[in-house]
Amino acid sequence: MATKFPSFSQGLAQDPTTRRIWYGIATAHDFESHDGMTEERLYQKLFSTHFGHLAIIGLWVSGNLFHIAWQGNFEQWVADPLHVRPIAHAIWDPHFGQGAIDAFTQAGASSPVNIAYSGLYHWFYTIGMTTNAELYQGSIFMMILSAWALFAGWLHLQPKFRPSLAWFKNAESRLNHHLAVLFGFSSIAWTGHLVHVAIPESRGQHVGWDNFLSVMPHPAGLGPFFTGNWGVYAQNPDSMNQVFGSTEGSGTAILTFLGGFHPQTEALWLTDIAHHHLAIGCLFVIAGHMYRTNFGIGHSIKEILETHNPPKGTPGDLGAGHKGLYDTINNSLHFQLGLALASLGVVTSLVAQHMYAMPSYAFIAKDYTTSAALYTHHQYIAIALMCGAFAHGAIFFIRDYDPEANKDNVLARMLEHKEAIISHLSWVSLFLGFHTLGLYVHNDVVVAFGTPEKQILVEPVFAQFVQAASGKAIYGFDVLLSNAGGAAANANAAYMDGWMGAINGNTDVFLPIGPGDFLVHHAIALGLHTTTLILVKGALDARGSKLMPDKKDFGYSFPCDGPGRGGTCDISAWDAFYLAVFWALNTVGWLTFYWHWKHLAIWSGNVAQFNESSTYLMGWFRDYLWLNSSQLINGYNPFGSNNLAVWSWMFLFGHLVWATGFMFLISWRGYWQELIETIVWAHQRSPIANMMGWRDKPVALSIVQARVVGLAHFSVGYVLTYAAFLIASTSGKFG
């Protein structure tokens, strides 16, 4: 007899109800909980999944390259990136009539296609690709890489090739390898690609597999490198009137510090980018020699942490300091994952900021829809990663934290001071919430009663001061970099011309701000602090609280501990994650609304609309949401359809998915159990239907599972709705 799913849990496999299926899916990746799991086996399985992950990423990249080469218009776009719309892929089956077929036959295509808003065209062009053949080659290369990664994943599950537990626990060697080899070498290798391929292509000099060994990236060759005369590589940069992709105005420099943007492409100078990657690569290679391994040189992280104690009598004494942290972190995969997710979350948010403020890809700043899509995409990913970081932090406290091993160290002190931490976050959230909402509501009321001059408008003077210190002249502060003859400006003379031109020019670096920005900044701060409050409380209370001191014994996710201890519902660490996701989505909504509306106003040359309407609530509802929905909603109507029709449909569908979430969030398990029992009864008493039997007795989802289904619908619907709105409202205006 075939083994029932799930094979990793005999207890679940023998469950006679449909709980077997849903719990099996829910715990499939919780390797720690599987039957017969050892610590070594756990690490080995996780190690192999990393190769699977890499294979999926490689396959995805390969698919993008392949479809753009096959069905896109890359070569036409390269010839005129400002006027040709990039094609993502063909639409094979537009079965909605001739009107729609005509509407989606766009961007010079002869059949229906989708427009690309991914920025991939800009990236491929910037890094030196100009032909479909090169895209195909890249696609095949990534396919081979994926196959290799899959093989590596399989290989490391074979008995002979499974790394030992000691190998996984060797933190210093792993850090050195990741820093020097993965980060360091790959950064230097990327510099090599930019210098040898991308920069020559940007100057009209083709470099490919046919000639890369014979084309010198710099006329002086390697001579200056070996003689230490490195300044030669920065001489003769591209001129301010260089035409990207041609010899016109091109220089010979390969590593520069120009600052600012290429006037035609409005992207960072490629030679500046190459310099950046070389510098950061060298730093990482040095960092990768920092930790002591079997060579006996460098630092021992454990020694550093053990001795990291403040002198006795220091105010705010840290107790045992960082004692015990090395083993605590090194023995907890959840702690490590929490740190990794938090770091990646911050980096992803920074990527969102930098991709629009300091774009590195040629002409991407002129593709408004792509800029908006990429900003929004990266901020949404950032909130997901940050919520995950705290979730795994909480799991660490429940499964991995050892109070004895961490006696009186900084981790134990966090737990001891949790009341102070949580109550301060609560106070900040309340303060921000009441004051910000109070200002918005006041302004809304006075505008509604026809006296807009009675609004309370606060200039963000401190933020304006920071912008002025960075060189923005519009406010007249005359401080630091905006003080032309000052010491700060002189000290940074190397890149000052380019930077000052950028910050005071028509770019996205430090946009002018006013009272509307001040208010929405504090609304976003409210969202961030409230999300943080929920997440931090969930992690710090994960082991127990005054209400439920034995909470850790119930695990990460539990619905309640029955009616006998009234009030134990909704307090598991999982519930904190669940509640935080709603606030995180709320926050990223305000953040992306702000970014998008401010940019729509700038791009359309009507900054007054944002400045005047963003100071009261109805301004946001009417002049941002309602006004920008109109084109979208008319994507299809009784009179026909246009090329926004697909986004109109997605907008409606997103609302449907989102609203479905409430069905699971509002009704509890008993309702569904009764409904299921009634449906089973009806099946059993109906002809034909009664021929069908259930191998598993149908039962309702658990409370926690129903919540996760509700949360998934809410989140996915939220994302689909806003994505459709964002893309349609931007592309409908700017094409």
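Yeah, the Cβs are placed from backbone N, Cα and C, and that goes for glycine too.
Since this is a predicted model, take the numbers as computed values, not measurements.
Residues annotated as transmembrane segment in Swiss-Prot: 46-69 (among others).
Residues of the same chain lying 6 or more positions beyond the ends of the transmembrane segment (135-158) and with a Cβ under 8 Å from any Cβ of it are 44-45, 47-52, 54-56, 58-59, 61-63, 65-66, 68-69, 74, 124, 129, 209. Positions annotated as transmembrane segment by Swiss-Prot: 135-158 (among others).
Sequence annotations record features per position, and here Swiss-Prot assigns transmembrane segment to 175-199 (among others) based on sequence analysis.
Outside the transmembrane segment (273-291) by six or more residues, the chain places 171-173, 175-181, 183-191, 194-195, 198-199, 234, 254-257, 297-301, 360 with a CB less than 8 A from a CB of the stretch. The transmembrane segment annotation in Swiss-Prot covers 273-291 (among others).
The feature transmembrane segment is assigned by Swiss-Prot to 333-356 (among others), with sequence analysis given as support.
Beyond the ends of the transmembrane segment (372-398), by six or more residues, the same chain brings 117-119, 332, 334-335, 337-339, 341-342, 344-346, 348-349, 351-352, 355-356, 415, 531, 535-536, 538-540, 542-543, 552, 555-556, 573-574, 576-577, 580-581, 584-585, 587-588, 591-592, 595-596, 599, 719, 722-723, 726-727, 730 to within a C-beta distance below 8 angstroms of the stretch. Per Swiss-Prot, the feature transmembrane segment maps to 372-398 (among others); the stated evidence is sequence analysis.
What Swiss-Prot lists as transmembrane segment is 420-442 (among others).
If you look up Swiss-Prot, you'll see 518-536 (among others) marked as transmembrane segment, on the strength of sequence analysis.
DSSP assigns C569 ([4Fe-4S] cluster binding site) to coil, not to a helix or a strand. Sequence-distant contacts of C569 ([4Fe-4S] cluster binding site), defined as residues of its own chain at least six apart whose C-beta falls under 8 angstroms from its C-beta, comprise P559, C560. Sequence annotations record features per position, and here Swiss-Prot assigns [4Fe-4S] cluster binding site to C560, C569.
Here the transmembrane segment (576-597) has Cβ contacts under 8 Å with residues 356, 372, 375-376, 379-380, 382-384, 386-387, 390-391, 394, 517, 520, 523-524, 527-528, 530-531, 534-535, 537-539, 541-542, 610, 614, 620, 623-625, 707-708, 711, 714-715, 718, 722, 726, 729-730 of the same chain, all six or more residues outside its ends. The transmembrane segment annotation in Swiss-Prot covers 576-597 (among others).
Annotated transmembrane segment per Swiss-Prot: 644-666 (among others), in sequence order, evidence recorded as sequence analysis.
Annotation comment: Swiss-Prot describes H655 as chlorophyll a B1 binding site, evidence class sequence analysis. When Cβ atoms from all protein chains are considered, those within 10 Å of H655 (chlorophyll a B1 binding site) total 15, not counting its own. DSSP assigns H655 (chlorophyll a B1 binding site) to a helical segment in the three-state reduction.
According to Swiss-Prot, the phylloquinone binding site annotation covers W672, on the basis of sequence analysis. Within the same chain, residues at least 6 positions away in sequence whose Cβ sits under 8 Å from that of W672 (phylloquinone binding site) are A700, L701, A706.
Marked as transmembrane segment by Swiss-Prot on the basis of sequence analysis: 708-728 (among others). Sequence-distant contacts of the transmembrane segment (708-728), counting only residues of its own chain at least 6 positions beyond either end whose CB sits under 8 Å from a CB of the stretch, comprise 26, 117, 369, 372-373, 376, 380, 578, 581-582, 585, 589, 592, 596, 628-629, 631-632, 635, 644, 647-648, 650-651, 653-665, 701.
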Distal contacts, the transmembrane segment (644-666) - CB-CB under 8 A, six or more residues away: 96, 100, 103-104, 114, 629, 631-636, 706-707, 709-725, 727-728, 731-732
Sequence-remote partners of the transmembrane segment (333-356) [C-beta within less than 8 Å, at least six residues beyond its ends]: 42-43, 46, 119, 364-365, 371, 374-379, 381-386, 388-390, 392-393, 395-396, 399-400, 508, 595, 599
Coarse DSSP state, helix versus strand versus coil, of W672 (phylloquinone binding site): helix
